[in-house]
Amino acid sequence: MERVRTILTHRYPYPHEHSRHAIIAVVVGCLFFISSDNMHTLIQKLDNNIKWWSMYACLLGFFYFFSSPFIGKTIKPSYSNFSRWYVAWILVAAIYHLPSFLSMGVDMRMNLSLFLTIYVSSILFLLVFHIMFLGLWYIGLVARVAGKKPEILTIIQNCAVLSIACCVFYSHCGNRAILRQRPFERRNSGWFSFWKKEERNTWLSKFTRMNELKDQVCSSWFAPVGSASDYPLLSKWVIYGELACTGSCPGSSDEISPIYSLWATFIGLYIANYVVERSSGWALTHPLSVKDYEELKKKQMKPDFLDMVPWYSGTSADLFKTAFDLLVSVTVFVGRFDMRMMQASMNKACDGVPHGDILYDHFSEKEDLWFDFMADTGDGGNSSYTVARLLAQPSIRLNTKDSFRVLPRGDLLLIGGDLAYPNPSAFTYERRLFCPFEYALQPPPWYRVEHIAVNKPEVPCGLSELKQYEGPQCFVIPGNHDWFDGLHTFMRYICHKSWLGGWFMPQKKSYFALQLPKRWWVFGLDLALHADIDVYQFNFFVELIKDKVGENDSVIIMTHEPNWLLDWYWNDVSGKNVSHLICDYLKGRCKLRMAGDLHHYMRHSSVSSDKPVYVQHLLVNGCGGAFLHPTHVFSNFNELYGASYKSEAAYPSFEDSSRIALGNILKFRKKNWQFDFIGGIIYFVLVFSMFPQCKLDHILQDDSFSGHLRSFFSTMWDAFMYMLEHSYVSLAGAMLLLMAAIIFVPPKLSRKKRVIIGILHVSAHLAAALVLMLLLELGVETCIRHRLLATSGYHTLYQWYRTVESEHFPDPTGLRARIEQWTFGLYPACIKYLMSAFDVPEVMAVTRSNICKKGVLSLSRGGAAIYYASVFLYFWVFSTPVVSLVFGSYLYICINWLHIHFDEAFSSLRIANYKSFTRFHINRDGDLEVFTLAVDKVPKEWKLDPDWDGEQPKQLSHLRKFPSKWSAATPQQDPLATVRIVDHFVIQQTGKPDLETRTGPVTH
């Protein structure tokens, strides 16, 4: 018999633990009960007081904008999940104090107190069950698969859904004890009575009268299970229903509560499902055969890519480590110890061929050569894999207007630095660099991750020298991010390993020289963190130019930073040794300078003039996987080494780049919700000293809207003056923020402009914080005036619930008293203090009233801490969306109007799209043909490529027709289907009549 299994075996998450069916059922039930009321009646129930509904709109609006970045996110232990519970907590705590829900027939206090009671009871009951079940597993009474411990968060979520379901039922059906008739009649009045042939028309007519249908559902489908006298053993362990009669009701109810019945049913279903799955490995669903299961498993496989780096995260330890590493690297490694000096000394100590560790000439005898250039990879997994997938293909077919072109894979891959973000470490290199490249082109089967190459190049077995290897090879220079740890990780993973995915790495040092066919050269320079080469590196390339580079040879200089653009932008001069090498030693033989660092594509070509041209073309392509940088900021660059240049290509275009910057206003918080921790605390510190505002009568007493506004802004100005004259905490916070804002402005501008921009920036934040503070105080003051807050004390909800509990949930057998006795008072105490958590507005209002009457000095330290903590809970929700909006608007204005903050304004957007690389071809005539290939939109969902899965594996993956493991989930979005040429030009070999001929279209 064929062995069967399901996806519910112990190796996989149990679906009932993460099931959405219960949530869907609760939502459907809510919609049904709400729609069951006649709409006309519902509208009549709405409160006509516009003041309360305006408060509702304002409150819900702030909570929506606070929680909007987390909508659609996976529920898991994270800040996203914390925010869901946090918002639910303080939103419910605020709404149940407002009056209008009661006018619609919904008693928020009863629902909230009932929810908390059922919630605590459910958690305790299920925890006891799980402990008992694990005990049975431990002594061997249940199957081995039962040993997997349940997730505590899962139990909490299931109990929350269960409690909400019971509250929804109570809100619309109550806890009425429906007196039973004869058993036979009761069974006929149940579920199937609706479907009697003679009653169909009646049922359909009831459908048009939803209110009657709701009553029928409550009395028939969810009726109590019966009298307690029918279950003698349970009579002392159940909650009873509330009597429903027109007159006085003699005696007490003997009917079991429908709420209790519903709760017991849900608990029983949970336990039954859990026991069956954990003890047998089978779920209460149809099983799959092994073959079908394996096919389903393959279809559901997805790569484990990391997301783009959150540069504005207030909680990322990686970013703090990056800042520390940068400080140490600049002051220690490059200042006093430079890894390049050690490499130079080690190279001189080696015997054998001169410069054998740095000069590679194994490509020089080829008739032609295809090679690729990309830079700044290792950020988001989707974007990095998109570029790596294109690089790995045996060929790329590109459709043009009239024909198509096929570009073969490069025999050589040049990577221009910044291999992993935000800092170099084993984790970032392995997950952000090696993982996407290994998925795109797998390393050979004998490759081991832990292997260290001590005698490079370690060519595959059967080959004696590097020239004989015909697979793709890779050479890399480090970027500024690779230098943050003094080049330690780069040396370990690049210079001491032989494979980057399926690309062979013969490189031994952080800089190199490649002799290519037809008298072409590539100089890969290591600029470290000082944007220049060291004297030993300079000396090596000078000797190489004198000894080996001919007068008619052509040289490509590859650096990480595009000094020509950055020097123009910052009005600075850097890379003096590089300039000296190009101008005084190459003397016009440098045909192309290419770099990364700026995450866009731009090409500038020299303009004919009387002045000498030392470099013909300047190319920047940092679109290898990192976030996008703007192009419109650099649109006015036009000069280098005294020669004039013209912008020939930009990707994205200047217009698109300016339009993309608008996302800082619309999407800053959605992309950078971790910024909440910084922004919310800053705003609270700015207004800390202004809480509470006791004199708000003049704002509430004005009759006209304009009068309200005048009074509001007058109070806002008074609060600002109070901060300047009397505050310590808020004034110190404002001064520190002002200094940080001025320092944050790039030094490109004059000191006067930086101060003005900093003041305007801080003024916007301070004004927004004062407005939010007054809105919060006005809301609390309004509720106090209408006796909705500051009426009872710190345990309002619990005290109210105890007064109505016996009326709505009678307990003639004393079950609650027994539970309290058995738990030594912990059970009611837990409910009491859990309910007090929802009295945060009441605590804030009571303490505020005491401060306004007696002064802040009348509070104890504990009382002051409780007050400011309760204020912070709500002010944080109000302020975080606003601080992101203000800061995002600041970035948008700076990048589009002032052309500053190009790094800060686009790193905030974390754009994975607009990725590209450049493919070169040295043809048989010696000309260099250049293609820049780009993908506008990066796929976010991937699936196992069926072509890759069905192809017979080979020893070396570059021999495969389909080398990449993952393809886009939607074929139309796959990079192979969307890639296009955005720039194409030809650089002719030195000595020909025309120095440059451009072929094909150029896309700007």
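Glycine is treated like the rest: Cβ placed from N, Cα and C.
Nobody curates TrEMBL annotations by hand; they come from automatic prediction.
Taken from TrEMBL, the feature transmembrane segment applies to 20-40, 52-71, 83-102, 114-140, 152-173, 673-691, 726-745, 757-776, 865-893. Here TrEMBL flags 373-573 as domain 'Calcineurin-like phosphoesterase'.
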Do at least three C-beta pairs under 8 angstroms join the transmembrane segment (757-776) to the transmembrane segment (673-691), pairs 6 or more apart in sequence? yes
Across 83-102, 114-140, 152-173, 673-691, 726-745, the most C-beta pairs under 8 Å with the transmembrane segment (865-893) come from 673-691
Top stretch by Cβ pairs under 8 Å to the transmembrane segment (673-691) (candidates 114-140, 152-173, 726-745) is 726-745
Residues from the same chain, set at least six apart from the ends of the transmembrane segment (726-745), whose C-beta lies under 8 A from its own: 682, 685-690, 753-755, 757-759, 761-762, 765-766, 900
If you average per-residue pLDDT over the domain 'Calcineurin-like phosphoesterase' (373-573), what number do you get? 93
